[in-house]
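Undergrad: So Swiss-Prot says this about it:
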type	residues	note
BINDING	T9, F10, H17, G91, L92, R93, E101, H126, Q127, A128, I129, A130, S131, R132	ATP binding site
BINDING	T9, K41, L76, R90	substrate binding site
SITE	H17	site 'Transition state stabilizer'
Amino acid sequence: MRIGLYPGTFDPVTNGHLDIIGRAVKLVDKLVIGVAVNIGKGPLFTLEERVATLERETAHLTKIAQIEVRPFDTLLMYFAREVGAQMIVRGLRAVADFEYEFQMTAMNQQLDREIETVFLMADPRHQAIASRLVKEIAALGGDVHKFVPPGVAEQLLAKLAK
């Protein structure tokens with residue numbers, strides 16, 4: 001069984017994330033979506049909310065491949081081994097992403113040479129989307145419906161209204 005791992009903070013999940021997930025499921029028999037605890041980023045949504053949102057937003061893709069959404073709070077390569085992943089899937093939006101991902105991949109290869117990293121280029125419609133910017137736009141009263149699924153937009157607006 002080919003198992004892929006798509007890790008991220010997903011705070012919130014964006015249309016860009018979902019595009020990568022939708023393409024990644026076609027490459028594997030099972031895709032594990034690893035939701036990083038990542039306390040350092042100070043997430044707006046709780047870990048439980050992010051996991052539940054991803055489960056809801058990816059439910060329709062289970063016809064293509066098995067999907068499992070799991071939180072993790074360890075080194076990525078340790079988590080990849082734990083779930084039996086042969087590949088890590090990463091999305092690239094711009095040159096800055098490539099530089100960061102190149103360095104991370106080089107370090108990850110030192111930890112486990114058996115796990116490959118596969119890069120998927122972001123769809124041009126989603127190249128500018130970043131969770132950080134979506135939160136900023138929403139906080140300043142902007143419309144985020146073109147950047148995130150409708151349910152996520154509503155969650156985001158409700159969270160910021162508190």
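Keep in mind that glycine also has a Cβ here, set from the backbone N, Cα and C atoms.
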Undergrad: To see if you understand the setup: which same-chain residues, six or more apart in sequence, place their Cβ under 8 Å from that of I129 (ATP binding site)?
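TA: Within the chain, I129 (ATP binding site) has Cβ neighbours under 8 Å at T14, N15, G16, R93, F147.
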Undergrad: Among all the protein chains here, how many other CB atoms are within 10 A of the CB of E101 (ATP binding site)?
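TA: The answer is 17 other Cβ atoms.
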Undergrad: Check each residue in the chain of Q127 (ATP binding site) that is at least six apart in sequence and keep those whose C-beta is under 8 Å from its C-beta; list them in sequence order.
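TA: Counting only residues 6 or more apart in sequence, the Cβ neighbours of Q127 (ATP binding site) under 8 Å are G16, R93, A94.
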Undergrad: Tell me, how many other CB atoms lie within 10 A of the CB of L76 (substrate binding site), whichever protein chain they belong to?
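TA: The answer is 21.
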Undergrad: Just the number: how many Å between the Cα atoms of T9 (ATP binding site) and L76 (substrate binding site)?
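TA: Cα to Cα, T9 (ATP binding site) and L76 (substrate binding site) are separated by 12 Å.
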Undergrad: When neighbour density is defined as the number of other C-beta atoms within 10 angstroms of a residue's C-beta, which of the binding-site residues T9, S131 has the lowest density?
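TA: Comparing Cβ neighbour counts within 10 Å for the binding-site residues T9, S131 gives T9.
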